[in-house]
Amino acid sequence: MCSIISRGAKNGIRLADVHRTTVFFFLSVAGEIVMRSALVLNATYEPLSVVSARRAICLVLLDKAEIVADDGTRVHSERFSVQSPVVIRLRYMVKVPYQRSTTMSRRAVFARDNHICGYCGGAADSIDHVMPRSRGGKNEWDNVIAACRGCNLRKRDRTPEEAGMKLAHPPQAPRELSWIMYSVPRIPEEWKPYLARAS
């Protein structure tokens, strides 16, 4: 449980007494945690999403979530001190679609393909659309693949067949829960028990 403490006060401040502008002022002085991430659990402890630590603190201060695990540090403002969250749990149940899809991004494509070019097996540093977008190809998991710059330039605005190139494997959407792995460079140890429980 997160403790929200007012300096000079003996008791924790009720959230109802905390004005929204105070919450956002608090967040404005917590800039050092912006790049950190927190795992959001549903009320049932099911992994739901990954948000910035700043967003996680906002949810806690607004009494929409509680801190399940923190990194051992605290974030301070003039009036408040709060634990820096690593895992938070929503206080209410959120209905989740039967199948969670992974949001596609440059980082996610590189992670799915292990930074390996899908054509030559070299180090990938760009993203290629198998069916070029100029020819109707979509920006979807089954049409994008990590590629090295050389292969990308060689292929140009053509299909692999037209360019005389062969895909090492057909691109496809990642498996369930991969969206969490692709959202951060490294999975924090505090997340692993909840990811293992959901897998």
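Here, residue 1 is simply the first one shown, and the rest follow in order.
Yeah, the Cβs are placed from backbone N, Cα and C, and that goes for glycine too.
As recorded in TrEMBL:
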- 104-153: domain 'HNH nuclease' (DOMAIN)
The predicted model's mean pLDDT over the domain 'HNH nuclease' (104-153) is 93
Summarise the domain 'HNH nuclease' (104-153) as counts of helix, strand and coil residues per DSSP.
18 helix, 10 strand, 22 coil
